[in-house]
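Everything below concerns the one structure shown next.
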Amino acid sequence: EFMALRLEDSSSCSGHLQVFYNGTWGSVCSNSMTPRSISLACKELGCGDRGYLEIHLPYARVSEPAWLDRVQCGERNSSFWHCPSAPWLLHSCHDLRDEAHIICSATRPKAAPDLPAPCPGSGTCTAREKIRAVGGGSSCSGRVEVWLQGSWGTVCDDSWDRQDAAVACRQLGCGPALAAPGQAAFGEGTGPIWLEQVECKGTEPALQDCWARTGDSGACRHKEDAAVECSVKHWAVLGTLLASACCCPCSAPAHADPSGGPGSSSSSSSISVPVLICIILGALLCLLLALLARQVRSARAGHR
């Protein structure tokens, strides 16, 4: 996700605007960049609330990646991160003259702003820790919230479908998606709406790997928060129980008393420990199957 802005190799409030994304600093293209976009970039950098583009630059090829293009902030946007832009990685900025070189109205702060925490509560984390389901009956159902730019935020239900939900369920560590509810089906969230118009192919390892518009553009409200209903992975537990039951020597004959004495008849008539274990495992297996069937029926009924 986008993390921070800077002016490359500049100790003042003017220079080549760069954005930190995917662990690397890259360029911001100036194509269709609005004056409001420049003002918000200056504000984010602590360099005042006004600025303009430097246009008299020499020709040179761009060496680093160009992460952002066509940043079009409007009067309704209060932060540079909330502004609409072209899709990630799709850019038309190959010439230094097309990069955003800005001049802000104020002086540069003494210290650069800290990068937001890349993970909730730690310095390193997995994709699983950057998503959560809130408000449902389990960790596999509820309102989808993702960790971006140092805070939790929701996902807009515009274009939200089962393919998107399938990626979210996989990232949550749950089974296949049963439904992809919208319209704040599990209650309205708070804070930013980090992802809008999510378009997953269904094979991505995490929701953050899908194409989406990032930032709270103001086009979506929390009454449109997206949610998921995923199946719970009971099958692994059932498989273990089945394997244990199959390996259980339930039909093994009781060992005869080698002495042939009176104790041999009581041994053959009592229930052996392996048989008792098999009975308990069978009962647990039936209970889990009943719970799973009930969950699938309720999910389908809710979807209808």
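Cβ coordinates come from backbone N, Cα and C, glycine included.
Because TrEMBL annotations are produced automatically, they should be read as predictions rather than curated entries.
Record source TrEMBL places Cys29 in a disulfide bond whose other cysteine, from Cys73, Cys83, Cys93, Cys104, is Cys93. Disulfide annotation in TrEMBL: Cys83 is bonded to Cys73, selected among Cys73, Cys104. The disulfide-bonded residues examined here are Cys29, Cys73, Cys83, Cys169, Cys210; by Cβ neighbour count within 10 Å, the least packed of them is Cys210.
With respect to Cβ neighbours within 10 Å, the disulfide-bonded residues Cys93, Cys156, Cys220 differ, and Cys220 shows the lowest count. The average pLDDT the prediction assigns to the domain 'SRCR' (5-105) is 80. Closest to Cys220 (disulfide bond) by Cα-Cα distance, out of the disulfide-bonded residues Cys73, Cys83, Cys210, Cys230, is Cys83.
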